[in-house]
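J.: Here you go, one structure.
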Amino acid sequence: MDRMFGTDGVRGIANTELTAQMAYNLGRAGAYVLTEGAHKPKILVAKDTRISGDMLESALVAGILSVGAEAVILGVVPTPAVAYLTREYNADAGVMISASHNPVEYNGIKFFNNKGYKLSDELEDGIQKVIESDFEGVPSPIGIDLGRERIEVAALEDYTEFAKQTIPYNLKGMKIALDCANGASYKSAVKAFRDLGADVFVINDNPDGTNINKNCGSTHPEELMDYVVKKGCDLGFAFDGDADRCLAVDENGKLINGDFILMLCANYLKEIGKLKDDTLVVTVMSNLGLDIACRGLGIKLEKTKVGDRYVLEEMTKDNYVLGGEQSGHVIFLDYNTTGDGLVTALQVASIVKKKEKTLSELCSVMKELPQVLVNATVPNDKKNIYLEDAEIVEAIKEIEAKLNGVGRVLIRPSGTEPLVRVMLEGENQVEIDEMAHGLANLILSKI
């Protein structure tokens, strides 16, 4: 069997690829592997606003209960809430049902260990082995030894209070726009900013089960960019479906991506002496402009493979406090063990208030190099063709020669979708756009 787990849990089209049976199996195997030896283990379960969440939650919980574990239902909360509450509630594990920024037909299941960290490859493989063995050796308790489920009504409030306490003062006098992507942040983000005294304007906070990420949120920020200007806001924030990431919008309606957010937060933490070893952890997808800006600010960069799990691994290895991705996954390890959109938004807003400058002014120390990202739809079993085909390899070499050291080519298979991502950076936008599309078309022609 192919590996079930991708870079962010198990993901697929709900009810065909990610079926109720698979959710049951994951619940049963996950509860067994993650809580072995624990007496009446406790596992938290949450979901985003997708229509398929109810079906998958029911099946997943049935699997958890079938091995005698307790399932604590958190309801609709952001992914980072699961990471935080797993620690806060002394649970043995946490599970989030979400496909993050993907369209509504997708869903996913990702596990957190008892410390709120995403699982290692070894633990994920262990869960898969239990399923493939047809649950050999896994107990099937009866009677009073079966598990029970209970609903934790305070989950959303507890997470929101935690997020608010990550900034040292209120946001009174600030006008802030939020795009909740009709997803998991639609209550917590609005409440947190309002409780802190901001004047809050909200769009896409009315989920109906089918409109999550639909032309909104961090993958479609255009509406928010217009809205910030229209309402005269100081800044805006766009979350994705499960609110583990966010992007910002400045007072002029310009999108501020994760690279800028990381630079801004790293610079502030360095100024107040809280950036461990003056080091920021990013991925190979970060813009070269971030390298240049950080060099000028005296900030060192550590680079990892793409995926917030790899950023987190590097951070925990050397106790770095800040890391993230251009996509808006930002990890403040002093506060949470995963990307946290609400915590990120609160940090940015508090820095803008503290510095008494506009977001555009604070971001002006960094200049982005033109960057183009083209997705080529490629079946999962052909994703490595760019490594093996001589014509593609030669085309990459030719592009690198033309860029002449000022830019780069990066090709990366998606860990969650049947895509190969072709990314180019260089000084000339038109030139790299043409090169990126040409290379993507060449990859497609080889399928």
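Each Cβ is built from the backbone N, Cα and C atoms, and glycine gets one as well.
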J.: Which single residue out of S66, S100, S414 does Swiss-Prot record at the Mg(2+) site shared with D240, D242, D244?
T.: S100
J.: Can you give me the Cα-Cα distance between D244 (Mg(2+) binding site) and S100 (phosphoserine) in Å, rounded to a whole number?
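T.: S100 (phosphoserine) has its Cα 8 Å from the Cα of D244 (Mg(2+) binding site).
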J.: What is the Cβ neighbour count of D240 (Mg(2+) binding site) at a 10 Å cut-off, with all protein chains included?
T.: 33
J.: List, in sequence order, the residues of the same chain other than S100, D240, D242, D244 whose Cβ lies within 8 Å of the centroid of the Cβ atoms of the recorded Mg(2+) site.
T.: D48, P78, T79, S98, H101, G183, A184, F239, G241, A243, R245, G339, G341
J.: By a 10 A CB contact count over all chains shown, which of the binding-site residues listed here is most packed: D242, D244?
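T.: Max Cβ neighbours within 10 Å, all protein chains included: D242.
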J.: Test of understanding: give the count of other CB atoms lying within 10 angstroms of the CB of S100 (phosphoserine).
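T.: The Cβ of S100 (phosphoserine) has 30 Cβ neighbours within 10 Å.
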J.: Cα distance, S100 (phosphoserine) to D240 (Mg(2+) binding site), nearest Å?
T.: 6
